[in-house]
Structures are given as structure tokens and as C-alpha cells.
Amino acid sequence: MILDMDLRTWIGSTHGLVGIPCILMPTFMQWRGRKLSFILTCLLIIIGWAWTAAASNATHIIIGECFHGLGAHSLVIVSNCVISETFPPNIRTVTMAAYIVSQSFGMSMVSIIGRFVYWKTVGWIMSVPILVALLISCMSPETPCWLAWKGYDDKCAKALKWLRGTGDDVERELNALLCAQKENKAFTKSIRKRNNFKDLLSQISRRDFYVPALHTFVYFWTFYWSGTMVVIIYAMEIIRKSTSNETAAFYCMIFVDIVLFIGCLSGTFLLNSFKNKSILLTSQISSATILLISAATTYLQTKEVISKDSIFLVYLIVAFVLSYNFGMSTLTFSMPIELMPLKHRGIGGALYVIFIGTLHSASLKISPYMFQYIDLWGTFLIYAINAMFGAYYVHTYVPETKGRSLHEIERYYNSGRFITYEKDNENCEDISL
């Protein structure tokens, strides 16, 4: 298909824009549960792949992207929510990072396969993993947090036992979970007695809502506007513009696809040994440094100090993909889920979707025009500034969440310190499995 730049940018950015209606998914999850929500998102993605595989023109591809965007953005919300609510605190972040690793593996594989296999065949191949996920979800239990939220205490205890087994730690976690949900239900009942506008004002004015909401926005702003998705989607165009070398652009894209997976995988191993903030800060600072070097390189190329056919930028792009994937990719989407208290996940999840959808689409739609009007060096410089801002914000304002339960993180915003299970359970009824 012969596509102009405007149409190509719409194909790249539609995926994020159509994800905005997913603001209804957190409300649906609170109403009907995480399990049914996951099943519905799987069906949307399957429809998207089938439509793409049957496409005969660009319009059909965009329609397929609409299903992909709606399903994939919903899947991010549901999957991260399920992981945060079912896995123990000591491996929760690593498991959420493993989700990003599997996603990066899929991105790498579909990109590499697509260079050697007919693209419609790729659509059918990529339907298989989501079909497997659909079958697994049908055999899995509902999350203990949602069951406790709905007041199904016995089912909550059984689900937690199915996930964790038995032991004193599990009993303490169950006590804290049920105690927290009693407080959440009391909060919900109290605001329902007032009108909806006052309910909203009461919720968004709470410190344990607006602080994690601001953290979430900065996480996603830094991720998208430091060029992470742009480099993945437009790597070939960037290399062509900087080297005028088609062969270098082709092989660079393959290396980028491979490094994308390696970076995310290495980040998962790093999470076992280092704190979340340390990994994220290292990733942001190293990414900003590489972007600054890239800006200087492309600027010198415009002044012909460096040869215009130099492939040095190819190595910088591969290094950049590695540096942001071991930290920013593995933590940007998981940490906001941990930071947002359960009682605010309705509106908090809506903001999560809006931030992802608008920033994803804006970065992919605008960046090609930035390449054209302020050149590559100006674009890389803007990306570097955003990455440095994100590193400063995370270092100064975001708390460390590794090894903390969701209840401890929730209490942190109002008390200014983490409260452990033992201290919190003193005022809670003891509940045995």
C-alpha cells in the first residue's frame, strides 16, 4: 500500500487514541469483576487481529487498529490490576514487569516476522497467544481484593488460599485486606449520601487521590515524550533521515526489535536485586544522556562536522532502546497501578487510560512533523529534557513501593509513612482461613 505521511501517522497513532473509551473499563471492573473484564478484552483483541488479517486497504487496517487499541489498552488496565491484587508484595513488581517483558517479546516477534512473512499471515499467528490467555482466564479465580470489596469474605478467603496457600503471613494479609475494604466501603457509603458532583469533588480533593494521579501523569508524560514509542515505530525513518542508508535502516530495525525484548527481560532480573526507584532513575538518566548525545550527533551532521552517512546514530538508537526498556518500560505502567488506592481505582483508572491514550497518540502523530520542522537534533533535545525532568520528579516526590502491600501504600499518602501489617491489624478483627 502506498501511504502519505498523514495517513501513516494516523495508523501509528490511532492505537492510542481509540484507547480513551477504556475509561469505562475500571468502572466495569469494579461492577462485574476482573475476570469477566479480562475475557472481554481478549475478545476485542482477537477481533482486531482477524480484521487486520482480512484487510484490503488502509481504512480496514485503521479499523483493525481501533479494536487493537481498545482491547490492548483495556488489557493493560485489567492485567496490571489483577497482578497487583493477586501476587504477594515481594514479587508483585517483578511479575508486573514480566507482563511488559511478554508484551515486548510479542512486539519484537511481530516486527521481525513481519519483515519475512506476509503481513496477513502475521495477523493470524498473533491471534494464538491471546486465545491461550482467554482459555487460562476461564480457569482462574476472581481476585481476592474485588471479592472483599463486594463483601464476599468467604470467597475472598478461598481465593487467597488458592493463590497463596496457608500460613501466618497469608492470614495477616487477609486481615489487612478485609479491614481495608471495610474502610473503603464506609468511605463509599459516606460520599454516596451526597450528590454526584460533591462526591467527585470529595474524591479528587483527597490527598490519597490527587498525589498518585499526579505521579501517574508524570510517569506517562516522561515515557511517551522521551521518544520511547517514537523510536520503536519510526526507527527506519529516523535512520533513513540521518544516514540515507536503506540497508542500515533495515538491520537497525531488527536490532531494535531484539534489544527491545532483551532490555525488558534484563529489567525483570534487576528488579529482584534493586529498588524500583533506583532502576527507574538509572534508566531515565541513561536515556537522557544518550538522547543528548544523539541530539549533538545529528546537529553536527547538519553542520557537516560529522559525515551525513555516518551510522553512529544507529548505535545510539540501539543503546537508547536498551536503556529505557530495562527500567522505564518495565515500571512506567506497573508503578501507577500500585500507587493508586483501591477505592479510587474507578476514576483513577479512567485517568490512567486518558493519559496513555492521549500521550501515546500525540507523541506518534506529532513526532514525524517535529523531524521535518525542527530536525532530528531538536526532537532528540526535547526528548532528553523530558527524560531529565522525569528523573528529577521521581527522585524527589515518588515513594519506594517495593515490598509494600497495597494497603501500606494507600496509608502512606495520608500518614506520611508506611504502616506495617502488625501495627495496622491491631484495630482489625482477626479472621482465620
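Including glycine, each Cβ sits where the backbone N, Cα and C put it.
What TrEMBL lists as domain 'Major facilitator superfamily (MFS) profile' is 1-402.
According to TrEMBL, the feature transmembrane segment maps to 12-29 (among others).
Sequence annotations record features per position, and here TrEMBL assigns transmembrane segment to 36-55 (among others). Long-range neighbours of the transmembrane segment (36-55) within the same chain, counting only residues 6 or more positions beyond its ends whose Cβ lies under 8 Å from a Cβ of the stretch, are 25, 28-29, 61, 63-68, 70-72, 74-75, 78-79, 82, 120-124, 126-127, 130-131, 133-134, 137-138.
If you look up TrEMBL, you'll see 61-84 (among others) marked as transmembrane segment. Tertiary neighbourhood of the transmembrane segment (61-84): same-chain residues 10-11, 14-19, 21-22, 25-26, 29, 34, 37-38, 40-45, 47-49, 51-52, 55, 92, 95-96, 99, 123, 143, 333-334, 337-338, 345, 349, 352-353, 356-357, 406, selected by CB-CB distance under 8 Å and a gap of 6+ residues from either end.
Annotated transmembrane segment per TrEMBL: 96-118 (among others), in sequence order.
Among the features that TrEMBL reports, transmembrane segment is placed at 124-149 (among others).
Here the transmembrane segment (216-236) has long-range neighbours at 12, 107, 249-250, 252-253, 256, 260, 284, 287-288, 291, 317, 320-321, 324, 328-329, 332, 335-336, 339-340, 348, 351-352, 355-356, 359-360, 362-364, 367-368, 371, 379-380, 382-384, 386-387, 389-391, 393-394, meaning same-chain residues at least 6 beyond its ends whose C-beta is under 8 angstroms from one of its own. Per TrEMBL, transmembrane segment is recorded for 216-236 (among others).
As annotated by TrEMBL, transmembrane segment applies to 248-271 (among others). Here the transmembrane segment (248-271) has long-range neighbours at 93-94, 97-98, 100-101, 103-105, 107-108, 111-112, 115, 231-232, 235-237, 239-240, 279, 283, 311, 314, 317-318, 321-327, 329-331, 402, meaning same-chain residues at least 6 beyond its ends whose C-beta is under 8 angstroms from one of its own.
What TrEMBL records for 278-300 (among others) is transmembrane segment.
TrEMBL lists 312-334 (among others) with the feature transmembrane segment. Counting only same-chain residues 6+ beyond the ends of the transmembrane segment (312-334), those with a CB under 8 A from a CB of the stretch are 76, 80, 83-84, 93, 96-97, 99-101, 104, 219-220, 222-223, 226-228, 231-232, 235, 238-239, 242-243, 248, 252, 255-256, 259-260, 262-264, 266-268, 270-271, 276, 279-284, 286-287, 290-291, 293-294, 297-298, 306.
Look at TrEMBL and you will find 346-364 (among others) tagged as transmembrane segment.
Among the features that TrEMBL reports, transmembrane segment is placed at 376-394 (among others).
Contact between the transmembrane segment (124-149) and the transmembrane segment (278-300) is not supported: fewer than 3 Cβ pairs lie under 8 Å, counting only residues 6 or more apart in sequence.
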